[in-house]
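S.K.: What follows is a structure written as structure tokens; I'll ask about it next.
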Amino acid sequence: MKSPVSDLAPSDGEEGSDRTPLLQRAPRAEPAPVCCSARYNLAFLSFFGFFVLYSLRVNLSVALVDMVDSNTTAKDNRTSYECAEHSAPIKVLHNQTGKKYRWDAETQGWILGSFFYGYIITQIPGGYVASRSGGKLLLGFGIFATAIFTLFTPLAADFGVGALVALRALEGLGEGVTYPAMHAMWSSWAPPLERSKLLSISYAGAQLGTVVSLPLSGVICYYMNWTYVFYFFGIVGIIWFILWICLVSDTPETHKTITPYEKEYILSSLKNQLSSQKSVPWIPMLKSLPLWAIVVAHFSYNWTFYTLLTLLPTYMKEVLRFNIQENGFLSAVPYLGCWLCMILSGQAADNLRARWNFSTLWVRRVFSLIGMIGPAIFLVAAGFIGCDYSLAVAFLTISTTLGGFCSSGFSINHLDIAPSYAGILLGITNTFATIPGMIGPIIARSLTPENTIGEWQTVFCIAAAINVFGAIFFTLFAKGEVQNWAISDHQGHRN
């Protein structure tokens, strides 16, 4: 019986179909059970891996508040008084045993931003190594190294700003290989019609890690002192590493406890999608317009993501004037929404493809449009509703939540167009997508010298415009099928 939505998806003869070029599509196998399966065990272990990863990344944002002498930061106070104070100031009494440092706002900016200078370097090398040697050890040791460096943060702070900046850059080097390595592993583990579910579960750990680590770091600072923030998350990272090394394999063929049926299901579903080339087709890859569609979308999405990740607490405090307890909670809520959206959108995307016969390209386009234009609309709205606290928080939460749709959009399109080189492709796109983390907050701060509502409207409008441009570019030039250059030595390929 013809699907009632089949007319909405590209037909077999259309350019946007999901047909594998040159080779015949493998027959669709009956999915192996989900319960206790090796592929879902990998998804949940990687979920906790990215939970740890983002906990290690963002904990400094909270600890830094307790590390810096309040007398040093008082002169940098740029609170806007356009909005009335949301509630009476609360005198926060907490443990004062942690050492204090006299770092001004510019120095703190260098400390927080130094992470990205290491992070951007290892993206492409990480993808290349993972595609050649597998992603298990690379991802595991990337997080393990970051955890070890995190344990040395208090010592580096005592040595001085230079040592702490260098340590944060080393943490960035370690984390830079993780996403490309994970993509490379999923190229061997994720059946095409389960990619959205499996990858959204994996990467959703990053959002939940942000939600949990921000308030938890505050609690640790409150009851103990800031040094224990780094000791706690560093030890958690080491424990995860031990579990990862013991329980995970690079491929279904090398997994010790996978059932024969599940292994055959995965291998048969990936038949004719993986390349037998020994060399990486760099030239055709870099000339591929579908790859650059992902680059533009990834860059655009991250501009908004990193701007909010680093400056949302500032907006809550200096413009909306929430107190520190409210700020910590409300800054984490949007990422809880994003986490839920990632999980649910992954289920929805694969159901649309498997049960309703929507094409991969259609799903990737629509989910990217929702996940980029939706946040743009609500981000602009948040800037223009003035001092309405409830609406401002609601719009910022909705904006960040809708961004979760992108986890089943452009974020995993690398696996659709070139599964054999997915790690390398993610390394390329994430290299460009790291740039907003380096320059976006700097530009935003330069546009908000007085922290007025009008200045923040400009920041939000710029981010929204970049998001919309990225969504349109991806919609026009993305593809949903494996490209010719990714499966053979054939030098020509369709764009």
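Using the three backbone atoms N, Cα and C, a Cβ is placed for every residue, glycine included.
Given the structure is predicted, the values throughout are model-derived calculations rather than measurements.
Copied straight from Swiss-Prot:
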type: REGION; residues: 1-24; note: region 'Disordered'
type: MOD_RES; residues: Ser3; note: phosphoserine
type: TRANSMEM; residues: 42-62; note: transmembrane segment
type: CARBOHYD; residues: Asn71; note: N-linked glycosylation site
type: CARBOHYD; residues: Asn77; note: N-linked glycosylation site
type: CARBOHYD; residues: Asn95; note: N-linked glycosylation site
type: TRANSMEM; residues: 110-130; note: transmembrane segment
type: TRANSMEM; residues: 137-157; note: transmembrane segment
type: TRANSMEM; residues: 159-179; note: transmembrane segment
type: TRANSMEM; residues: 201-221; note: transmembrane segment
type: TRANSMEM; residues: 228-248; note: transmembrane segment
type: TRANSMEM; residues: 289-309; note: transmembrane segment
type: TRANSMEM; residues: 329-349; note: transmembrane segment
type: TRANSMEM; residues: 366-386; note: transmembrane segment
type: TRANSMEM; residues: 392-412; note: transmembrane segment
type: TRANSMEM; residues: 424-444; note: transmembrane segment
type: TRANSMEM; residues: 458-478; note: transmembrane segment
S.K.: Among the recorded stretches 137-157, 201-221, 329-349, 424-444, which has the greatest number of Cβ pairs closer than 8 Å to the transmembrane segment (392-412)?
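M.R.: So the stretch in question is 329-349.
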S.K.: Which listed range (228-248, 289-309, 329-349) shows the maximal number of Cβ pairs under 8 Å with respect to the transmembrane segment (458-478)?
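M.R.: Maximum Cβ contact count belongs to 289-309.
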S.K.: Where else in the chain does the transmembrane segment (110-130) make close Cβ contacts, counting only residues six or more beyond its ends and a cut-off under 8 Å?
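M.R.: Beyond its ends, the transmembrane segment (110-130) has Cβ neighbours at 57, 60-61, 64, 103, 138-139, 142, 161, 164-166, 168-181, 183-185, 280, 310, 421, 423-428, 430-431, 434-435, 437-438, 441-442.
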S.K.: Any chance the transmembrane segment (228-248) and the transmembrane segment (366-386) are in contact, meaning at least three CB pairs closer than 8 A with a sequence separation of 6+?
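M.R.: Checked: the transmembrane segment (228-248) vs the transmembrane segment (366-386), no contact.
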S.K.: Can you say which of 137-157, 289-309, 329-349, 366-386 has the most Cβ pairs under 8 Å with the transmembrane segment (424-444)?
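M.R.: Selected stretch: 289-309, with the most Cβ pairs under 8 Å.
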S.K.: Quick test of the contact rule: Cβ under 8 Å, at least six residues beyond the ends. What residues does that give for the transmembrane segment (366-386)?
M.R.: 82-83, 297, 300-301, 304, 345, 349, 392, 395-396, 398-400, 402-410, 453, 456-457, 459-461, 463-465, 467-468, 470-471, 474-475, 478
